[in-house]
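Here is what TrEMBL records for this protein:
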- 14-37: transmembrane segment (TRANSMEM)
- 197-215: transmembrane segment (TRANSMEM)
- 382-497: domain 'HPt' (DOMAIN)
- His430: phosphohistidine (MOD_RES)
- 603-738: domain 'Histidine kinase' (DOMAIN)
Amino acid sequence: MPSRSNLDIPKSRYTAIIVSVVIFLLLTSGVLITSIYNSLKIRDLRAGTALSANLRSDIPRLTQEIYLLNTMREQKQLAAELAIQTTKVNKLAESIDAEVKTLVDGGKVNIRDEEDVYKPSQKADQLEYVQKTSTLWAPYKAALGRFVIADTSLNASALENEFGDASQGIYNNATGLTDSLSGENGQRASFLRNLQVFGISFAIIYFIVFVLYFVRRLKASDEELISARRETQEIMETVSTGLFLLDKDLNIGQQYSTALTKIIGSDRLGGENFASVLRGRISDKDLNTTRQFIEQLYNPRVKEKLVESLNPLHKVMLHDTSGAQASDSRYLDFKFSRVYENKEIARILVNVSDVSDAVYLEQRLEKESAQNDMQIEMLTTILNVNPKIINEFITNTKLHIDKMNNVLKNPGSSQYELEGKLSAIYREMHSLKGEASALKLHSFTTIASDAEDKLNALQNQGKLGGNDFLPLAVNLDELLSLSNTIETLGQRINQAAPTSISNVKATTAPVDRNEWDDFNITDSSVNSAVDNAVSADNGWDSGFNSNIDVEDNSDSHLLPYYQDFAAQIAARQGKQVELNMTSLAHVEIPVHLKKAVKDISIQLLRNAVVHGIEDANTRTAAGKPATGVIALQMKNDGQNFTMTLEDDGQGINFDGIRDKLVAMGRFDAAAARNLDRNELLKQLFSSGFSTRDVADEDGGRGVGLDIIKAQVKEYDGKLNVNSEFGKMTRFVITLPAA
């Protein structure tokens, strides 16, 4: 049995360790404190060096600008140019004055978008440089003030006496101060470097001494560590998700799960840069965002939960190694978590899983949902609209698409021919959108509006090229697909059921909107289409307000169609409108004119509600009823078919047309004043003209009146416009009935 003395652990056993630790801590603290102090001094010296360097570069510039100003005065250059140069001299002088003041009193100094605080140097030579600089600057500044105020030039000798010698003196002192500060900065940097070498050497020696002591204990714990590592390896080989660690340089750790190689599609990942692995397989934008995101994860001031939603690799598509979206491209979901060591962010744990099946399912559900919504919209339209109107819409849509396709196929690459194509396509697209809007087919309207945005951009870009029209092919395909869809749905529904038709009065809450808008036309020969534009024709009754018998003839189905369309526009524009159409129930529209009459009617109604009828407040203030009245009348005498639309709105604002023409740069103010009303109406019907600044679903595209003019011209008809400002506007369109 051992004695007690053999069992006791001698106290001196830990004395060397304690002493070594205390010495190590003291030396380390000394090194750190000294390093911090020197770092602060180096930072201060850096600020002083930057400040003096700025002064050294600014003073010659100021002197040069003064000489330039003097030369400009001698040459008697324009006052505006002299003022600009004087301002430049004053600003540079203010900057130098601030620099000198900071050298003397201290202050803030901006260095590469960072702000340092400069404290005045206490070294004798540096103080001397600063004092000399300040002494030289004071008379220089005073002389500059006199020179600027005097507004006269100096001869070369006087200029040199006033500014040349002082400038050189300031430059020399600034150079001396810069050299002195740089030298001191270098000394302190050298000292700091030696101190760090000492600290590192001490740490190495400390390590060597203590490693021998702990090696035995480490051997004892090796088996335990190996066992734990084996367990970790088994876990990494078993999990189905990809696990790995990232350091600050985005390098992947050597330990990662076996599943990661299969998910990423690469066998060599350990030690590879994460950005290099992803490069070419995700977009450059996502790659750059990923770098920034991981940098924020390493920022301890940023809350991990706050940036989690900004993860750019959440359900991201990972392309094959060629960068193309191939069949083996997959959707991966990366999740990032911080790994802490001693409360500091050491690494980032990344958990990546293949979510391709879930994403594809989600996309399929979204697509099916969108298709269902579209079909529900179409079914609602089919069930609530007269079958004749649906069939007409399908037929007209295909005609519009065919016309646009034919226009695109037509040869011709000159600028004039391309502009003609653009106007023709714009008219067809606008007509299609108007008819779709009347039926509340928002899917058609959305695609057509997108196409109109593209056409408007082409209209404003100046020079056109054949390839500029290629993006429109996508819109045409989408419209044709929707047209086929609604046609198929219509065929599946029993269209034999009668559709009840009722009269509609559009009365909505008012919104102030009394600006006359424009509709554009490409052809310049408006004089053949706009005839007697400002005549005082009052030979028809505009006060129709009776119920309509909708069962008289085959065109009666258009009555609720136009009523509902007018009500929709009024609701969107915040106006109150009543539409009277007594004659439509008793007139037969010639078959060859049905589409043209419908297109023209839609554009006339749009124009009347959007640009003619005022909002309720404006009408009331003008002594009118709050509800505006629009009368659409049609007449067929066997020889001619006549359409007349009159509204009791604000009339055509010819002065507004003049102002818009000047604003658009088509005419100068003098030329615009000389335009008579017929010429102004020609501009109103011209391509690209609009009095409205913002376009929406109902107006502002500058195409509506263009469509009317084109239809009238196509059928060799006549167009008469009559307007009385503040009271009414009337459009009379006459087309050959045979």
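Note: Cβ is positioned from N, Cα and C throughout, glycine not excepted.
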Residues near His430 (phosphohistidine) in space but at least six apart in sequence (CB under 8 A): Ala448, Glu452, Arg701, Val703, Gly704, Asp706, Ile707
Mean predicted confidence [pLDDT] for the domain 'Histidine kinase' (603-738): 88
Structural state census, the domain 'HPt' (382-497) (DSSP three-state): 94 helix, 0 strand, 22 coil
